[in-house]
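A.B. asks: The structure's right below; bear with me while I get my questions together.
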Amino acid sequence: MSKIQKLKQGDTIGIFSPSSPITCFCPKRFKRGKKYLESKGFKILEGNLTGKSDFYRSGSIRERAEELNALIRNSEVKCIMSTIGGMNSNSLLPYIDYEAFKKNPKIIIGYSDVTAILLGIYAKTGIKPYYGPALVASFGEFPPFVDYTYEYFKELLVQETQFPYTLKTPSVWTEEFIDWETQDRAKEQIENQLVTVYGGTVRGRLIGGNLNTMQGIWGSEYMPEIKEGDILFIEDSLKDCATIERSFSLLKLNGVFDKVSGIILGKHELFNNCKTGRKPYEILLEVLGDKKLPFIAEFDCCHTHPMLTLPIGCEIELDATNKKVSIIEEYMLT
């Protein structure tokens, strides 16, 4: 086995826009995010579609795939980071150069719609991707939340890690909406509380991501097989009760809850409870029925701020009783 090197000062982070043309739509936040990572000692290599727009997307399917492939093939790029998500990352999956990624493995990180690319690369190469911050959405945020997000990123991908490594729970969080191009202040802070839905401790492979995006690759060769004993991580944003009940039921109908040993449900940004007063985990509880698994909700690897970084495909321990998630194994191995 070889080991992907952690990031160090002077390393190059290549950025790509596989769906939304956010660098074109929100240039102020893009510049702020780029400047922030540069202030931490990294070089930022802009992908070919930076500053470009094809209406609802950054470019054609082939153009978006080639932007990513160019970063995969560039040996100077030590980390590939999305600028943001969107809706159409799954279109790129047939055109990604998986063989080049296997020959030159590196950190690849993003969240939301980029779940399709992260899981596709994992399914095709076995190399663990990272569910974590994006350049514009995360590192373009104002302090203090951007600083918290960077600390979690740094602890996993820059600093040396001692195992088992228990992920820190942020003391505060936010989902406040402020227009990205006119934002001129820090967002409101809410005291953070994770929720133990069902207690218990289990170990297993972490698998999952943005559930709405997973539906777009479900049943394909790009969706990793969910195996017996896996720990399922899912999160979503800006959905309502009806939509997430449907999404949770997809998992049940496909036998996912009969295989996994535990569930981690992320915070749901600006959830529309349709006047029910129900929280996403309560809707999932109804879908689960009599099935009881170690299960925590309101986890901070999602669309809210700050954001933790998670290694997909890595063995973790979920201590739902004490609301702790720990990484058990070395995650930089290929």
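A Cβ is built for glycine as well, from the same backbone N, Cα and C atoms used for every other residue.
Please treat TrEMBL annotations as automatic predictions, because they have not gone through curation.
Bear in mind that the values here come from a model prediction, so they are computed numbers and not experimental data.
Sharing the record's features from TrEMBL:
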{"type": "ACT_SITE", "residues": "SER112", "note": "active site, nucleophile"}
{"type": "ACT_SITE", "residues": "GLU235", "note": "active site, charge relay system"}
{"type": "ACT_SITE", "residues": "HIS303", "note": "active site, charge relay system"}
{"type": "DOMAIN", "residues": "13-132", "note": "domain 'LD-carboxypeptidase N-terminal'"}
{"type": "DOMAIN", "residues": "203-318", "note": "domain 'LD-carboxypeptidase C-terminal'"}
A.B. asks: Which whole-number value in Å describes the distance between the Cα atoms of SER112 (active site, nucleophile) and GLU235 (active site, charge relay system)?
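C.D. replies: Pair distance, Cα basis, whole Å: 8 Å.
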A.B. asks: Can you tell me whether DSSP puts HIS303 (active site, charge relay system) in helix, strand or coil?
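C.D. replies: In three-state terms, HIS303 (active site, charge relay system) counts as coil.
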A.B. asks: Including all protein chains displayed, how many Cβ atoms other than that of HIS303 (active site, charge relay system) lie within 10 Å of its Cβ?
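C.D. replies: Step by step: centre on the Cβ of HIS303 (active site, charge relay system), count other Cβ atoms within 10 Å, giving 21.
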A.B. asks: Please list the DSSP helix, strand and coil residue counts for the domain 'LD-carboxypeptidase N-terminal' (13-132).
C.D. replies: 57 helix, 22 strand, 41 coil
A.B. asks: Between GLU235 (active site, charge relay system) and HIS303 (active site, charge relay system), how far is it from one CA atom to the other, in Å?
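C.D. replies: The Cα atom of GLU235 (active site, charge relay system) is 8 Å away from the Cα atom of HIS303 (active site, charge relay system).
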A.B. asks: 10 Å Cβ neighbour count around GLU235 (active site, charge relay system)?
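C.D. replies: GLU235 (active site, charge relay system) is surrounded by 26 other Cβ atoms within 10 Å.
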A.B. asks: DSSP-wise, what's the residue breakdown of the domain 'LD-carboxypeptidase C-terminal' (203-318) into helix, strand and coil?
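C.D. replies: Helix (H, G, I), strand (E, B), coil: 30 helix, 34 strand, 52 coil.
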A.B. asks: Specify the count of other C-beta atoms within 10 Å of the C-beta of the residue listed as 'active site, nucleophile'.
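C.D. replies: 27, counting other Cβ atoms within 10 Å of the residue listed as 'active site, nucleophile'.
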